[in-house]
Amino acid sequence: MDGMQQTATIIADWIVVLPLVLALMGAAALVMRRSSTSSAVLAICVVLTIIACEIALLLRVSFAGPLSMTMGNWLPPFGISFAADAFGVVFALTAALVTLAVLVYAQGERASNDGRDGFHALVLLLLAGVTGSFLTGDLFNLYVWFEVMLIASFGLIVLGGSPAQLDGAVKYGFLNFLATTLFLLSLGLIYGLLGTLNMADILRVAPDANPAALTGIAALLLLAFGMKAAAFPLNAWLPASYHTPPVVISALMAGLLTKVGAYALLRVLILLLPSSREVLEPVLVVIAVATLLTAPLGAIAETNLRRALGFLVIGGIGAVVAGIAIGSHTAVAGAGFYIVHAMLTMTALYLVAGLIERMTGETDSRRMGGLYAASAPLSILFFVLMLAAAGVPPLLGFWPKLLLLQAGLEQGDWGGIALVVALILNAVLTLIAVSRLWAHMFWRDGMEGSGAEPQPLVVLSRNEAWLRYGTAGVLTAAVVALGLWPNGLLEIIGTGAFDMIDPSRYVSAVGLAGGTP
Amino acid sequence: MEHVLAILVGLFVALGIYLLLSRSVIRMLLGMVVLGNGVNLLIFTAGRLTREIAPIVPDGLSVPAGPIANPLPQALILTAIVIGFAMFSFLLVLAYRAYQTLDADNTDTMRLAEPDNAPNPPLSY
């Protein structure tokens, strides 16, 4: 029996799929609960367990290199593989931490809610989709996790069902469903060309395939993942929908969803089809420059707070695409680091925006003002996060941008220089956009045109204030601390980038290194 | 046979994209269905077509004796159909709710999340 595995999987290797199993079972348990008083507690416990598993997994991966597990006793090209390398595990861990913060924060908002609307189950399902996308080693399986993530986000974005949400959900739903359909289309073409969808197996057979056909498929994947990631010409759905649902849901989606698209792009173009990436390089440079420049301009023109933040989310995707366009080890490390930074910083910014909206009762920055006098801690949180988003040292956002700038200068040709210029302009424009928002909301005496009359603010209950300020504060502290001591993260991300560029460790972990099956 | 199916896939995708370019939400939904079926047919064709040889390994052998029909695309398509149907049902209900609430089937008049007449951004810093 050539294709069958004779020995049982080592118990310790189950840790690769344990985060997923936990998230899916947690979601199922929450759906079946009739009384929902403790559903939040259950959800938080599940996420804590997932975090513990992922920390253990991260330790193993950083000592022993990539780790893999294949389902159902079939050897890799036949069974579905899960493969955890440094990039996947770091992103999955960050995603779980962000989810934990959002769940705790939501307790402040949802204290009066009985929790029967399925919020917690959908959040766990979303986390399962995101974690699965980060840890899978099979392209069709990646498609399945994309759809799990998509259906959970559909459920979340319409939760509450206000008219604006329905409007935003129509645009979000159609464009994202179209993107995953295009992804499926390119999967069909890959299967027709290579006869396999296992990532390690694709690495083995792709060099012998027709390069023109592969590049065509890579371009189609770029279209599909670019749409999921909200890269420049395909980003209209993000500012149209992300500001409509309740703020905890916005924060979760802004933190996780577009980054999964960016990660898939990284995985496919850097790891799987590097020769096609070289052909597509001019296209990637143009997309990255356009995304980096247009996104902060959109944020400057926008007065709705959360819509302006939506444009900043898009700008971060531009930086990741810039790393893919350069493609060197430093650039890939920069792109990976940027994904971690964007997950933490964007979620924290949305959570702080939620506090601002809750206290002022407004969503439009023109109708806010005088918040500095009313709440100094809030203004400090927003100030720190806005500097982190723009990439001001010594905060977290600085290091990935430094890596990307270094990589662009090392490359030295017109593309590299264009990306360096665009990254610097992006930082300046982002700083203008966010500092203007800060000046309007916090520094101005009262709302626009009202003179010096300070705005009456909603006073939060003690419990709510603790939960909301606490989670936003902890995330902000993480952004500051990781910016001051980035070495550990840099090292792990560097290993991940190394495994992306030179996949030999990845392939042998999946078990396809020796000869033909 | 593959060539005929390839042309058919092309027709399905073209029709799906044509419908998706419409402003009416219902037409866009139909476009998604047609496009999804085109993609499923593409996966089916990509697995190469072999007629009347069931993929069954005979007793006593560990690999099939000769060329067989490829069973994998059917598993892939089955997954894709289930997922596509779930997404389609969600979008159908969403379109109906949007029609009830916003009284709009035309995407051009759905401007609640992004108001049409938004004032200019403030010029102050």
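Cβ from N, Cα, C; glycine included.
Pulled from TrEMBL:
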- A:137-422: domain 'NADH:quinone oxidoreductase/Mrp antiporter transmembrane' (DOMAIN)
- A:12-32: transmembrane segment (TRANSMEM)
- A:79-106: transmembrane segment (TRANSMEM)
- A:118-136: transmembrane segment (TRANSMEM)
- A:142-162: transmembrane segment (TRANSMEM)
- A:214-235: transmembrane segment (TRANSMEM)
- A:247-273: transmembrane segment (TRANSMEM)
- A:279-301: transmembrane segment (TRANSMEM)
- A:308-329: transmembrane segment (TRANSMEM)
- A:335-356: transmembrane segment (TRANSMEM)
- A:368-396: transmembrane segment (TRANSMEM)
- A:416-439: transmembrane segment (TRANSMEM)
- A:466-485: transmembrane segment (TRANSMEM)
Hey, which of A:214-235, A:335-356, A:368-396, A:466-485 has the most Cβ-Cβ pairs under 8 Å against the transmembrane segment (A:79-106)?
A:335-356
Two-stretch contact, the transmembrane segment (A:368-396) and the transmembrane segment (A:466-485), at least three Cβ pairs under 8 Å:
yes
Looking only at the recorded stretches A:118-136, A:279-301, A:335-356, A:466-485, which one has the largest tally of CB-CB distances under 8 Å to the transmembrane segment (A:247-273)?
A:335-356
Under an 8 Å Cβ to Cβ limit, what residues of the same chain, 6 or more beyond the ends of the transmembrane segment (A:466-485), are close to it?
97-98, 101-102, 104-105, 107-109, 341, 344-345, 347-348, 351-352, 354-355, 358, 377-378, 381, 384-385, 388, 393-399, 460
Distal contacts, the transmembrane segment (A:142-162) - CB-CB under 8 A, six or more residues away:
117-119, 122-123, 125-126, 128-130, 132-133, 136, 168-169, 172-173, 176-177, 180, 183-184, 187, 228, 241, 244-246, 249, 252-253, 257, 260, 264
Let me spell it out: take the transmembrane segment (A:335-356), skip the flanking residues so only those 6+ beyond its ends count, and list any with a Cβ under 8 Å from a Cβ in it.
87, 90-91, 94-95, 97-98, 101-102, 105, 109, 247-248, 250-252, 254-256, 259, 262-263, 266, 305-306, 309, 312-313, 316-317, 319-320, 322-324, 368, 371, 378, 381-382, 385-386, 388-389, 396-397, 399-401, 403-404, 441, 468-469, 471-472, 475-476, 478-479, 482, 489-490, 493, 496-497, 500
